[in-house]
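**Student:** One structure follows; several queries about it will come next.
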Amino acid sequence: MAKQAYQYDVLYLGSGHGTFDGAIPLAQKGVKVGVIEADKVGGTCPNRGCNAKISLDAPVALQRQLAALNPVLTGQTHLNWDANLAHKGDVINGLPDMIEGLLTGSGVDLIHGYGRLVDAHTIRVGQQTYTADQMVIATGLHPHRLAIPGGEFLHDSTDFLDLPTMPKRLVVIGGGYIALELATIANAAGSDVTVVLHGDQALRAFHQPYVEQVLSDLQRHGVTIVRNTTITQVTHAATDYVLTTDASDTLTADWILDATGREPNTADLGLETVGVTVNANGIEVNDHLQTSVPNIYASGDVIDKTQPRLTPTAIFESTYLMHLFAGETTAAIDYPPIPTVVFTSPRLAQVGVTVAQAQAAPATYTLTTQHVPDDWYRQVGQETSGDNTLIFDQDHHLVGATEVSAQADNVINTLLPAITFKYGEHEIERLVPLFPTIGAAAWGQL
Ligand SMILES: Cc1cc2nc3c(=O)[nH]c(=O)nc-3n(C[C@H](O)[C@H](O)[C@H](O)COP(=O)(O)OP(=O)(O)OC[C@H]3O[C@@H](n4cnc5c(N)ncnc54)[C@H](O)[C@@H]3O)c2cc1C
Ligand SMILES: NC(=O)c1ccc[n+]([C@@H]2O[C@H](COP(=O)([O-])OP(=O)(O)OC[C@H]3O[C@@H](n4cnc5c(N)ncnc54)[C@H](O)[C@@H]3O)[C@@H](O)[C@H]2O)c1
């Protein structure tokens, strides 16, 4: 039974990781929970984000590994886009039903439809209203669209992840996660890819020498990188799309990916009606994820925050809110270091203090670097490129790490506990990884 006269103790708007990882255990604790979802249950990550992307990328990464082992392994592999897309469908199409089953099986009421706040305790979906003691806004992000003439000819990442045929010539606008990950996949699937950067740099939050290694690798595989170029218009002529640049040059494409970022889903939710403060970066919250209206909270990508807008962040936030609503904590949210990886080939991953931050404070931090191929274990897989930087504080505790390599994601995951739990010499000695493995290779650097 919900408290007072409300139907629910907690009502979530949106059913992504910002909701379900916390809503399921919350309902299992006997709290009356409702979840409203306008689209596919589970939100972006399972349906049109991480899971779809990594399924399409898996053969690409493997193809690179096999190529590195030439001439030990000979012969050419060919990426079959139809089969890759079908396999992606096989592994992700069941996820909404699976997540719906987990929610309803835990006692959550799942309400299908688009929700808008009517007042601080009421959300309307169609003709129906639902009331709750506490609300959580977890509505995520949507793709930013370039406002240029011909903008209607541009596509987004959701379209790419369902592309029935890989276009012959693909132009990608943007140099972020989505631009470079999807350019990597399209290139491996045989498309002639051009990436257009409006500035000089891609992936600005990452260590630039490592970003340049990723870009050089893409170029070696045939991708064209165009820098300092703004697309001013797109026209459709016969079967071609023609992109005009600010230098009055043109590019021709069969398909164009607008990967210029993602924006918070805060419009048309009734937030202004009830007084929830919002800015261009999302919903403003305090250190308890509470909005300007005390019984309304926010979770996941829609929050205005400095932490990376990633699935693990959304999971951490929804889990924190679960403990808060269950009365198990009153403490402020205490984010651990959150790692991030760009699933290009090679991967680019980082966590904690960045190289730029460490270089700006030489009295506080020490940096060590390693060229990946110098590590014996990496020579086994014939890794011929890649670098990493580890950052230590004055007590020689690891506080940051970044790597560009085929196995950067696994290296950063391996090192993560040392950073999160501030392991000293004693803990590092006590942790005995399997040998020979990538985990042992990474741990051996400490
Ligand atoms: C192409 C792509 C690849 C990605 N790859 C990775 C990756 O590899 N690793 C990683 O960690 N992160 C990745 N991300 C980011 C990750 O998907 C998000 O961080 C994560 O999904 C955020 O979860 P969320 O619950 O905050 O939002 P979402 O998952 O976006 O969920 C919000 C939900 O709210 C619903 N909604 C919105 N408004 C309403 C309304 N008014 N009424 C009802 N429902 C509503 C939406 O339909 C949606 O289902 C990727 C994102 C994209 C786009
Ligand atoms: N591997 C992962 O974890 C992963 C993968 C994909 C997406 N994501 C998440 O999704 C979010 C969105 O990803 P994204 O790649 O769309 O955003 P992003 O912020 O990473 O990249 C946006 C890119 O577009 C460029 N840009 C912005 N405005 C432009 C303009 N007017 N013209 C040309 N270029 C412009 C930016 O310079 C930047 O390079 C990320 O913040 C990330 O949190 C994560």
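Along the chain as shown, residues are numbered 1 onward.
Cβ from N, Cα, C; glycine included.
The structure displayed is predicted, hence computed values, not measured ones.
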**Student:** Taking GLY89, GLY94, GLY101, GLY261 as the options, which does TrEMBL list with GLY174, GLY175, GLY176, TYR177, ILE178, ALA179, LEU180, GLU181 at the NAD(+) site?
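**Tutor:** The record-listed residue among the candidates is GLY261.
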**Student:** Using CB under 6 Å from any atom of ligand 2, narrow the recorded positions CYS45, LEU180, GLY261, ASP301 to the ones that qualify.
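**Tutor:** With ligand 2 as the reference and 6 Å as the Cβ limit, the list reads GLY261.
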**Student:** What Cα-Cα separation, expressed in whole Å, is found between GLY174 (NAD(+) binding site) and CYS50 (disulfide bond)?
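**Tutor:** So the Cα of CYS50 (disulfide bond) lies 19 Å away from that of GLY174 (NAD(+) binding site).
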**Student:** Going by C-alpha positions, which of the recorded positions (CYS50, GLY176, LEU180) is nearest GLY115 (FAD binding site)?
**Tutor:** CYS50
**Student:** Applying a 10 Å Cβ distance cut-off over all chains shown, what neighbour count does ASP301 (FAD binding site) have?
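**Tutor:** I count 31 other Cβ atoms within 10 Å of it.
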**Student:** Minimum Cβ neighbour count within 10 Å among the recorded positions CYS45, CYS50, ILE178, LEU180: which residue?
**Tutor:** CYS50
